[in-house]
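*Asks:* Reproduced below are the annotations present in Swiss-Prot:
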ACT_SITE  148  active site, proton acceptor
BINDING   32, 33, 34, 35, 36, 37, 38, 39, 40, 55  ATP binding site
COMPBIAS  351-361  compositional bias 'Polar residues'
COMPBIAS  673-685  compositional bias 'Polar residues'
DOMAIN    26-277  domain 'Protein kinase'
MOD_RES   185  phosphoserine
MOD_RES   575  phosphoserine
């Protein structure tokens, strides 16, 4: 008996958006990966709301040997129950298709993590290797050999814990009965496999463990080559390089695992007792504790009564569930049991982790506090049951994913069918409601306020949201890779006062139209908090045209793997890949474009632009309250009242000054006196009026420019802006740099009747008025405090 996956009773969210495809009780969300005869989909269980990975296999494309291998993989996964091994939840089979529902690891492969972030520290590698070793030892204790251990098959869950996956090459073994199948990945394969000899399964896995540990610590492969014969020769020789940063204990452990003779190779028990592994004794205790917490050995009759009670409350027959667990049926009953058990563990761990309040966490409700204080055995099922009835948004699946799903597997999923047990109608016999009403899971007002499940929904809408307690270093390429199917990133560029803040802020990534305004508002709010009133928004197309970094070339038609060109086959360090270099090049390119091309020291004006943009609003408010400012006319563009600079931007004024400073590089200097009179005449003011205006204005001294002694400039709060004729005479860039090195800043306490003079060293000087002590005290608080002998001229060195 089969039924169509699309349920007509569930209304579509909109007329334009197609309904989500379903396989049994699972709503298909997106594609995780594709193969020659299989495709892996990300799905969500409709009852437990748990994300799972469904491997959909087209049996018509498999020969009998490969089909036997698939069945053996399912048989192996049914026997394995370990915290660091991917769990099997359900197996569904039709005439042509096979659906394998397994645990979903949210953080992907260890290979991608190393490619993005570089090699691990030895302490972090030790923690990960303990988890890997525990999983492999568990397999060997059940007489199962993996035979394909590599970083691509080591997945990372939401807590960055190891999950061993892909038992496609796994097999059962007996002690003393060697295996002979050539399988696995060549860089991780043992010498006996390259030689075509029979081998012991555990010895093969130990060699692969040595290669995995080397990759974790070094970020590259110990054995590599341009072709298979070269790689084979290097593996048979057993020679590899040890980097300078690897400790001696780690080196000895890897060398004992990578021994060419399998009989002399170290065993798992000896690995656990090695000095490098025992450097942190707490890790071994954590492994034993985490393994003891796995409390479902269902086929042995060890059931979780609390989970069974929750299922019975939901209307699922308890007796049918127990029978499915005893027979290892892995049907809908067993899948709901296993998924509910995982949800219960997550709920308990979240209650424990939410006890220490943080700045981002909201105050828990009284019911949550009471549940957290209760023992685990006495935890009621009402809270978890209500969370299971939380309604998911109907617009979870993007139209592009739906279109992609329509063409997968040469239409084996059109329409998608799933098998149903003949006695399935007794599943909800203890409930007065219909199955469709249970699947629709109506929302109650109490459940709407469950913050944990709201966070879970937000985590799905933004799958790469980085928690604050993690140490992962996500690059811009990784962000772009995960969102190539959604809206392009909106990158906000602002004038920051601190150079350490970088040039670009975090990307405002939106995955749906409902969240776009919220994400954009939060990003802009973050810019306002940094004190940047003027921000320049740049689209992804502009970034792609301005930056040479290939990582910014967003290609929506390509998958995530296309943006990770670096592989261990190329023999490069993961930390030295183009991902990190691309991000650095992007920031350097933006800084380079923001700099002025010309005289030495012109780039210092960028610091002035940032300082003006950051503190203009606060300084204007303080200047408006100053009695000195009230007594002055609004005649300059930097006046606090802003009457003469309406419609003009501060940043534009600074850029205008940059252009003025680069004019007339070939003219000779003229005498100081004619230039002074010309300056006053050009401004339309007589010399006396010019001097009087300068006396009445205050100035802003940039201490940063004075310290560098490269470009001295004094701007008054109400002083006149330097005009282009100020720079009518100049010298070449080379000669100006030479004069700059010999120039001494000239500050005099004498009051000068003119506004600008020229020194005899061919350096341009702008003269500012003197101030008395009372006026200086009431001036701008950001003005540098000058002593009595420093009041007077301000020299502009060019």
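From the backbone N, Cα and C atoms, a Cβ is placed for every residue, glycine too.
Map these features onto the structure and tell me what's around them.
*Replies:* Neighbour density for residue 148 (active site, proton acceptor): within 10 A of its CB lie 21 other CB atoms from the protein chains shown.
Look at residue 38 (ATP binding site): DSSP puts it in a strand. Same-chain residues at least 6 positions away in sequence with a Cβ under 8 Å from that of residue 38 (ATP binding site) are, in sequence order, 55, 56, 57, 58.
Under DSSP, residue 185 (phosphoserine) is assigned to coil, being neither helix nor strand in the three-state scheme. Counting every protein chain shown, the number of other Cβ atoms lying within 10 Å of the Cβ of residue 185 (phosphoserine) is 16.
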*Asks:* Helix, strand or coil for residue 32 (ATP binding site)? Use DSSP.
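*Replies:* SS state of residue 32 (ATP binding site) = strand.
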*Asks:* Return only the integer: C-alpha distance in Å from residue 148 (active site, proton acceptor) to residue 185 (phosphoserine).
*Replies:* 7
*Asks:* Can you give me the average pLDDT across the domain 'Protein kinase' (26-277), rounded to a whole number?
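*Replies:* The answer is 93, the mean pLDDT of the model over that range.
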*Asks:* How big is the gap, in Å, between the Cα of residue 32 (ATP binding site) and that of residue 185 (phosphoserine), rounded to a whole number?
*Replies:* 21
*Asks:* Can you name every residue in this chain, apart from 32, 33, 34, 35, 36, 37, 38, 39, 40, 55, with its Cβ inside 8 Å of the center of the Cβ atoms of the recorded ATP site?
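*Replies:* Close Cβ neighbours, site residues excluded: 56, 57.
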*Asks:* Neighbour count, 10 Å Cβ-Cβ cut-off, for residue 32 (ATP binding site): what number do you get?
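*Replies:* Other Cβ atoms found within 10 Å: 15.
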*Asks:* Rank the binding-site residues 34, 36, 40 by how many other Cβ atoms lie within 10 Å of each Cβ and give me the one with the fewest.
*Replies:* 36
